[in-house]
Amino acid sequence: MSDAQDSRVGSMFGPYHLKRLLGRGGMGEVYEAEHTVKEWTVAVKLMTAEFSKDPVFRERMKREARIAGRLQEPHVVPIHDYGEVDGQMFLEMRLVEGTDLDSVLKRFGPLTPPRAVAIITQIASALDAAHADGVMHRDVKPQNILITRDDFAYLVDFGIASATTDEKLTQLGTAVGTWKYMAPERFSNDEVTYRADIYALACVLHECLTGAPPYRADSAGTLVSSHLMGPIPQPSAIRPGIPKAFDAVVARGMAKKPEDRYASAGDLALAAHEALSDPDQDHAADILRRSQESTLPAPPKPVPPPTMPATAMAPRQPPAPPVTPPGVQPAPKPSYTPPAQPGPAGQRPGPTGQPSWAPNSGPMPASGPTPTPQYYQGGGWGAPPSGGPSPWAQTPRKTNPWPLVAGAAAVVLVLVLGAIGIWIAIRPKPVQPPQPVAEERLSALLLNSSEVNAVMGSSSMQPGKPITSMDSSPVTVSLPDCQGALYTSQDPVYAGTGYTAINGLISSEPGDNYEHWVNQAVVAFPTADKARAFVQTSADKWKNCAGKTVTVTNKAKTYRWTFADVKGSPPTITVIDTQEGAEGWECQRAMSVANNVVVDVNACGYRITNQAGQIAAKIVDKVNKE
């Protein structure tokens, strides 16, 4: 039976009139559809019965779709809505005119280096925006990259890959195609971070330059072995004419250890841009400029002015020595009662109403999709049906104008983000990074007494002696990897990281009955990359401690601390620790990084909210002014 005969073209699915089958794969089908209630044309993905009935997949898909729907970046094809009709799960997405990068490479072969860099730069912009919002893609590959005729690139299928287990993909026979781009840590029990997306992007860069993925094999086992232990291929050795500088770019992007990779997708894209010759850098800039100008909407005409005027974690006793981690029983609680802690950041109420056709439908983030070209293809959903129209075919559609204010705001947002992306890519010579902060400047970065008192809500906190070495106190933590989430500047935490110097201060009110305690430290590393890598590693360990209780043994005394959820992601992370049986005594840990300096702060008291985060931010500001 042909694709056309076996499709649901012409039928209704809830409020959607399915007009054209765009693609088919192991997870389901993609249709061009008209939303008959809201009168716009979209892409609708219908999941197979196997996936729709899988409770794990259903919950993951809903969660990831809600997160991915928040992304507002020109190179991201957003999810507008999700839900189910008669037990079948679906996703509604913007319809985009384009063909997937995999088809382009198979039909035309490798891209020129400038064109490859232009496309990687756009996808890096999408990934960095997602990572900043705490969203990982997990399935970056040519099939999930759409290219328009003017080389404007989109990254699709946010949330789908992460909703699907690798075992499920294996059962569907699609794992080998996906595993060509999987980072080594995805084949182990190690935590998978956003740097897995950077690894995959480096694999895509390799394929754009050479026409082939880095590793090719007939079995998933061979692919896994190559990613884990195989040498990283050199594009210049595979295809003559590729600048040798790309070998180093791909090697770092595909580093076996996540901490050895680029700190962001944008860093990888910038390195790829710098690997081009000067004429090719200009060519890549021209491609980016042309794609932006042809795809992003023009600014709205100015509105005439109105004719009428507008209507108007520390112990409660000082540690001995001063750098001893917190652990001593605090003094009695003050007479006031601490206020309730605020709810988790980003918590959103559920939808207030849902149409009868989709009882579990997800919230719509906006009143309708941003008007865009009308063809969607790819996303790992298989090739278009045989005999279908040209991928550049235009299909008339009904329009539903956006309100003027919302439209103008969207246009401004897209233009600003687009302009930033162009500027980064087309500058002829990159701005030189700042010189590393010298060790003798570390003490000047710490907050003085008045600054610490202002943040902590005190008036009498005073600093102790300067700290110039890591704390090596004989402290035992039941979960050793959580020691850094509990205490500042710990020798076991920093040992072997390559740091070069530390400077810190402990501040509190005089005497034994202090109500506030702060340990602030700044740690110098040889390079900014090493400092960022340390913070990323710390973030991974802290997240593994969230919700857990640890037992601390310090000088023959035992204490128990419970970790809340970690907030933020590198470059800044925070977590609150509560001491058991200490009448509300809490500490907030904060860690951040600027240039080659790691900022390490612990702020303790009875009314802890984000004091450590504020202190860290103020220190970062000082580092950036150096």
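Each Cβ is built from the backbone N, Cα and C atoms, and glycine gets one as well.
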Fill in the blank from the handout: According to Swiss-Prot, the cysteine among CYS208, CYS482, CYS604 that forms a disulfide bond with CYS545 is CYS482
Exercise for the section: Report the mean pLDDT of the predicted model across the topological domain 'Extracellular' (425-626), rounded to a whole number. Expected result: 91
Problem - Cβ neighbour count (within 10 Å, all chains shown) around CYS604 (disulfide bond) - result: 28
Problem - Which of CYS545, CYS587, all disulfide-bonded residues, has a Cβ with the fewest other Cβ atoms inside 10 Å - result: CYS545
Fill in the blank from the handout: Check: min Cα-Cα distance from CYS545 (disulfide bond) over recorded positions ASP139, CYS587, CYS604 goes to CYS587
Handout entry: CYS587 (disulfide bond) to CYS482 (disulfide bond) - Cα separation in whole Å
Key = 14
